[in-house]
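The block underneath contains the structure these notes are about, expressed in structure tokens.
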Amino acid sequence: MPDIIEPVIGLIGGSGLYDIDGLEEREWRQVETPWGEPSDLLLFGRLAGVRCVFLPRHGRGHPTPPSALNYRANIDAMKRAGVTEIISLSAVGSLNEALPPGHFVIVDQFIDRTFAREKSFFGCGCVAHVSMAHPVCPRLGDALEASAREVGLPVTRGGTYLVMEGPQFSTKAESELYRQWKCDVIGMTNMPEAKLAREAELCYATVAMVTDFDCWHPDHDAVTVDAVVKVLLGNADKAKALVKSVVPALGRPRGPCPAGCDRALDNALITAPEKRDVALLAKLDAVAGRVLGV
Ligand SMILES: CSC[C@H]1O[C@H](OP(=O)(O)O)[C@H](O)[C@@H]1O
Ligand SMILES: Nc1ncnc2[nH]cnc12
């Protein structure tokens, strides 16, 4: 790992965010991965001189639902594109009265209730167990919080994001259960994305943009896509202002991540070298080349 890193900021745009304003030298480029196709071409460019790579999570025009997203291809493509940190911008429902629609939450924990997705780059022939105790990079969280306050967004630092499989929204009983679990927001996409970013040794943080009160709130109608999209349009402008402020702050040359996100595989591999599968190792070149030497 170099002592001084020139950051390349990865931005994953969720529902309602299919492009990034103000990018200079912009170019949509296909990035091939051994895991299949990412959601779309990747948009390369510069913001205030800082290299950025943007990916619309569901593809432009939103053709792909949460369960069908190729999360491994998306993260691998980011890594291959040279990205060093990822900011996930996501629409969420609120499970907390204090977090109304229009509010931004820099989440710091997740509960993963998804069950129909590929969740790891590793597997038979190369087993790895990374720590997910602290799934979000605090350095990115600090920068996002400072920028959100600077541009005047209603923001809360910290919160737990419940990741459901979808695509249907929750039942009222589920929504109430997640509230009992002290979850703050709910969405369908940030897992396994955050797990895969950790395996790929990429710093990762989520800006959860509240669009609705899900279905638990007695004074609000159950969530609909129409209602979500209405709030999303306002949130998307705020998200773009946040990105404009945070990218220059994160873009300065820096040392290794103080939280160790960029060394997550140092103590994670358990398969003996002679038991490793050569074909899998080849696929891990971008994600784990640093520790596997492939
Ligand atoms: C359009 S509402 C449901 C949809 O929005 C969120 O997506 P993203 O996290 O990519 O912004 C949620 O997770 C669902 O996929
Ligand atoms: N209530 C909700 N449940 C799941 N995902 C969402 N995305 C936006 N609102 C949501």
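The backbone N, Cα and C atoms fix where each Cβ goes, and this holds for glycine too.
Fair warning: this is a prediction, and the values are worked out from it, not measured in the lab.
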S15, R57, H58, S90, A91 bind phosphate in TrEMBL, but which of T160, T171, T189 does that record place at the same site?
T189
Which residues of the same chain, at least 6 positions away in sequence, have a Cβ lying under 8 Å from the Cβ of T189 (phosphate binding site)?
G14, R57, P66, L69, S88, S90, V163
What other residues of the same chain, not counting S15, R57, H58, S90, A91, T189, have a CB atom within 8 A of the CB centroid of the phosphate site?
G13, G14, G16, L17, P66, L89, G187, M188
Which recorded positions, if any, among S15, R57, S90, A91, F213, V225 have a Cβ under 6 Å from ligand 2, given in order along the chain?
A91
Chain-internal residues near D214 (substrate binding site), provided their CB is under 8 angstroms and they sit 6+ positions away:
G93, S94, L95, F169, S170, S175, I186, A222, V223
Reduced to three states, what secondary structure does DSSP give V225 (site 'Important for substrate specificity')?
helix
